[in-house]
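A.B. asks: If you scroll down you'll find the structure; I have some questions about it.
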């Protein structure tokens with residue numbers, strides 16, 4: 001019996017999270033779902049942090065390898081939360097997991113309920129099923145910048161109210177242009193992130209497409225892409 005139960009649990013996990021290198025981003029019908037794509041040439045440790053009062057998504061924390069995907073994560077229609085990637089991560093001799101950017105201070109791959117960020121990160125923000133049934137989504141630079149990112153909605157029926165739901169993106173690399181007093185550097189001196197300053201004027205001006213959007217949608221698949229390329233625009 002124990003073996004059979006363990007097999008069912010493993011099957012359920014595999015149904016919730018599929019990591020692959022395929023380009024199949026077809027949406028799942030009659031549900032909001034989330035796909036994560038790491039299009040970077042380096043590993044990205046994913047964080048999905050629900051807002052207080054929203055449930056945790058059925059997802060096991062993972063460090064995505066370059067060009068690896070996490071597909072088909074179910075999202076409740078009224079879910080709210082934040083998603084970001086951690087980079088330049090390592091585990092020390094005591095098993096403590098830390099990252100140069102986006103670190104959440106837990107010392108583990110899992111961030112825990114708090115989801116605190118100790119280092120700057122580009123953040124995808126979601127508030128689904130709000131006023132009038134509209135989904136709000138976007139890219140926030142309020143906590144700094146560490147990765148180019150895009151949020152793309154895939155809406156059944158192709159349009160809502162005669163228009164397609166637009167992607168939100170900050171697809172430029174801002175590290176090189178980051179002012180010296182806002183730079184976060186790796187041990188070798190490479191700039192890996194940009195801290196916010198005041199009202200984050202430099203970041204917001206340099207990436208004006210990082211903003212909040214909304215669309216009157218019901219069944220949607222959202223794809224969050226780290227390091228999007230021209231084929232995603």
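Just so it is clear, glycine is given a Cβ too, placed from its N, Cα and C backbone atoms.
Note that TrEMBL annotation is computational and uncurated.
Okay, these came from TrEMBL:
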type	residues	note
DISULFID	89-99	disulfide bond
DISULFID	104-111	disulfide bond
DISULFID	178-194	disulfide bond
SIGNAL	1-21	signal peptide
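Any idea what these are sitting next to in the structure?
C.D. replies: For residue 99 (disulfide bond), the count of additional Cβ atoms within 10 Å of its Cβ stands at 25 [all protein chains shown].
Every protein chain shown contributes to the tally, and the Cβ of residue 111 (disulfide bond) ends up with 22 other Cβ atoms within 10 Å.
Cβ neighbour count for residue 194 (disulfide bond): 26 (other Cβ atoms within 10 Å of its Cβ, all protein chains included).
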A.B. asks: 89, 104, 178: which of these disulfide-bonded residues has the sparsest Cβ neighbourhood within 10 Å?
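C.D. replies: Fewest other Cβ atoms within 10 Å, among the disulfide-bonded residues 89, 104, 178, is found for 89.
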A.B. asks: Could you measure between residue 111 (disulfide bond) and residue 99 (disulfide bond) for me? Cα positions, answer in whole angstrom.
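C.D. replies: Between the Cα atoms of residue 111 (disulfide bond) and residue 99 (disulfide bond), the distance comes to 12 Å.
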A.B. asks: Fill in the CA-CA distance, residue 178 (disulfide bond) to residue 104 (disulfide bond), as an integer in Å.
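C.D. replies: Residue 178 (disulfide bond) to residue 104 (disulfide bond), Cα-Cα distance: 22 Å.
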A.B. asks: Fill in the CA-CA distance, residue 194 (disulfide bond) to residue 89 (disulfide bond), as an integer in Å.
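C.D. replies: Cα to Cα, residue 194 (disulfide bond) and residue 89 (disulfide bond) are separated by 17 Å.
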